[in-house]
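K.L.:
Residues or ranges marked as domain 'EamA' by TrEMBL: 3-129, 154-293. According to TrEMBL, the feature transmembrane segment maps to 6-23, 30-54, 60-82, 89-108, 114-133, 145-165, 171-195, 222-241, 247-270.
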Amino acid sequence: MPVLLALFSSALWGTADFLGGNLTKRMSSYVVVGWSQAFGLASVVLICSTFHGWGNWASVLWVGVGTGVSAYFALVFFYSALSQGTMGVVAPITATGAVVPVLFGLLTGDKPSWLQGAGIAVAFVGVIAASGPEISGRNESGWRPLVLAGLSAIGFGVALSFLAVGSRTDVVATLGVERVVTVGLALGSLAVALIRQRSGHGGNGSALTRARDLVALSRPDVVATAAIGIFDIGANIAFGVSTTLGLLSIVAIGGSLYPVVTVILAGIVLKERLARIEKIGVSLALLGVLLISAG
């Protein structure tokens, strides 16, 4: 059950990344992140108002803030890395963030079997390979996108570790605090950029452009960003619950297979042909899951 929930979270995250990747080809990534985070917050509010209640928010406040801050800056670093580098370099580095919750789980008492340990290693290599790493040895973008991708990996890994801790008390409340923090940071960064621009330190007007874009979405774009936000919240809930039912070091790998899902969707929907390294990565990731399940 915990592995299935973790795999379900990967399916939702991978689908959200696929939708987001398509949207960012024709609109600002800032707009996609801002709207999707807002819809995610609305989803949590709806869940709490209808089913869950509001009682446990104070008890997970600190861990929710930690989740939100690390997740927000991980997104900022990720999109900054993509804007300066190439997906073939950035994605595999970001995928290594899975090692953070795995190590956290091992350091806090997880003891997977030898077969599960082998599955963790095989799936981890598979996720990186499925991301389509560029192995030509050339890096024309310099070191900056590599550093940003590394920081993004750490941020995502820390966010998942915080989420695992908060889920022991209340996964929905943790996500509620997290989403308030991410939306607040996004709005705050936009406000700072607008203030700097008005004072003559904001460059070429990009902040004003982003502010206009936030309120200029078409109906299909609103639906798409809403889907991203809802899928993201669903994935977080599924992953959070999985951490309460199984070992974090195991479910963290199951929840980190989202690049495989994105690659498969690109092949099915966009008819993108998988490179040999991606096919090998998908196969290794699936083999790793089988080993983990068998263990």
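Placed from the backbone N, Cα and C atoms, the Cβ positions cover glycine too.
Owing to the predicted nature of the structure, the values given are computational and were not obtained by experimental measurement.
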K.L.:
When DSSP states are grouped into helix, strand and coil, how many residues of the domain 'EamA' (154-293) land in each?
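P.N.:
Taking each residue of the domain 'EamA' (154-293) in turn, the totals are 115 helix, 0 strand, 25 coil.
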K.L.:
Which stretch, 6-23, 30-54, 89-108, 247-270, tops the Cβ pairs under 8 Å count with the transmembrane segment (222-241)?
P.N.:
6-23
K.L.:
Do any residues of this chain, six or more beyond the ends of the transmembrane segment (6-23), have a C-beta under 8 angstroms from a C-beta of it, and if so which?
P.N.:
29, 32, 36, 221, 224-225, 227-228, 231-232, 234-236, 238-239, 242, 246, 250-262, 264-266, 269, 289
K.L.:
Could you name the stretch, out of 30-54, 114-133, 145-165, with the greatest number of CB pairs under 8 A to the transmembrane segment (60-82)?
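P.N.:
By the under-8 Å Cβ criterion, the transmembrane segment (60-82) pairs most with 145-165.
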K.L.:
Counting only CB pairs under 8 A, let me know which of 114-133, 145-165, 171-195, 247-270 has the most with the transmembrane segment (89-108).
P.N.:
145-165
K.L.:
With pairs 6 or more apart in sequence, are the transmembrane segment (145-165) and the transmembrane segment (114-133) linked by at least 3 Cβ pairs under 8 Å?
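P.N.:
No, the transmembrane segment (145-165) and the transmembrane segment (114-133) are not in contact.
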K.L.:
Under an 8 Å Cβ to Cβ limit, what residues of the same chain, 6 or more beyond the ends of the transmembrane segment (114-133), are close to it?
P.N.:
87-89, 91-92, 94-96, 98-99, 102, 247, 249-250, 253-254, 256-257, 259-260, 263, 275, 277-278, 280-295
K.L.:
Could you break down the residues of the domain 'EamA' (3-129) into DSSP helix, strand and coil, giving a count for each?
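P.N.:
Tallied per class, the domain 'EamA' (3-129) gives 109 helix, 0 strand, 18 coil.
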